[in-house]
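Pulled from TrEMBL, these are the features on record:
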{"type": "DOMAIN", "residues": "19-300", "note": "domain 'NADP-dependent oxidoreductase'"}
{"type": "ACT_SITE", "residues": "Tyr55", "note": "active site, proton donor"}
{"type": "SITE", "residues": "Lys84", "note": "site 'Lowers pKa of active site Tyr'"}
{"type": "BINDING", "residues": "His117", "note": "substrate binding site"}
Amino acid sequence: MDPKYPRVELNDGHFMPVLGFGTYAPPEVPRNRVVEVTKLAIEAGFRHFDSAYIYNNEEQVGLAIRSKIADGSVKREDIFYTSKLWCTFHRPELVQSALESSLKKLQLDYVDFYLIHFPVALKPGEDLMPKDENGKVIFDTVDLCATWEAMEKCKEAGLAKSIGVSNFNRRQLEMILNKPGLKYKPVCNQVECHPYLNQSKLLDFCKSKDIVLVAHSALGTQRHEIWVDQNSPVLLEDPVLCALAKKHKRSPALIALRYQLQRGVVVLAKSYNEQRIRENMQVFDFELTPEDVKAIDGLNRNLQHAKLKTLLQSHYSPYSNVYKQLSFPHSY
């Protein structure tokens, strides 16, 4: 991988670029736009690309990556590609075939990072969000540790260089870490993380276990109604971020991204605007002062934007023991 792009070493010896490009786009965005934007991101300097089975864009992201490899812009080893195991494939016998399905769409031989998207299993089948006649999500009963063993086999088969988790809290991480016969511990935990939800306790725990925290929804700007409560405040309009942006002559988005990097968090930037894509690469061109970081720390309000997590966990609320196991991370 090109050494000029800042990277962090993972606990399995592989390296991850500390700034990633989030490829998710709402359904109304044309799929060919995904190809264009991913190419633009590579041209701008991004080398870390985050996608998932559920995003329904891996064919387009793969096409863009292969196109830039073919024209000599990058080599495969320069690219760090992340995919995610969707909830309907948690049964151990389904895990590898789900990854192989993603690889077929990508037309790549391996992914650099494969993670469990949510610590919740849903009923297997073609419907990715299965519901009963009352509109309630249909869950499945699968031991997370059994799913993790299947993830380990994907790594051993060379289909994924590294494996990890997403949207796990401390209890769920400890279930994996304390599993008898554990071969590989998660290298990363990708969670919603931004100044309004800074995940400080979870970050400290992950650091203590040599697990990298990866921040998704870091800018709070993907405000599609499926994912985000429309009544939640707009992060990039926050007065503190705006004041720091003016001080450093940068955008509020760059201040939010830089904040994460200085905390030791790998951060995903999501934009389909060419100017902002290029601008986000400027995150390495300045530093926040300790006072700046402290001021941003003060913005934390444990505000979780993502509605899907609330939807999933709400159906467990009558069952406290199960809910505790499957609750999503706020700050810990």
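A Cβ is built for glycine as well, from the same backbone N, Cα and C atoms used for every other residue.
The most densely surrounded of the recorded positions Lys84, His117, judged by C-beta neighbours within 10 angstroms, is Lys84. Cα of the residue listed as 'substrate binding site' to Cα of the residue listed as 'active site, proton donor': a span of 11 Å.
Tyr55 (active site, proton donor) is surrounded by 19 other CB atoms, counting those within 10 A of its CB over all protein chains shown.
As a whole-number mean, the pLDDT of the domain 'NADP-dependent oxidoreductase' (19-300) in this prediction is 95.
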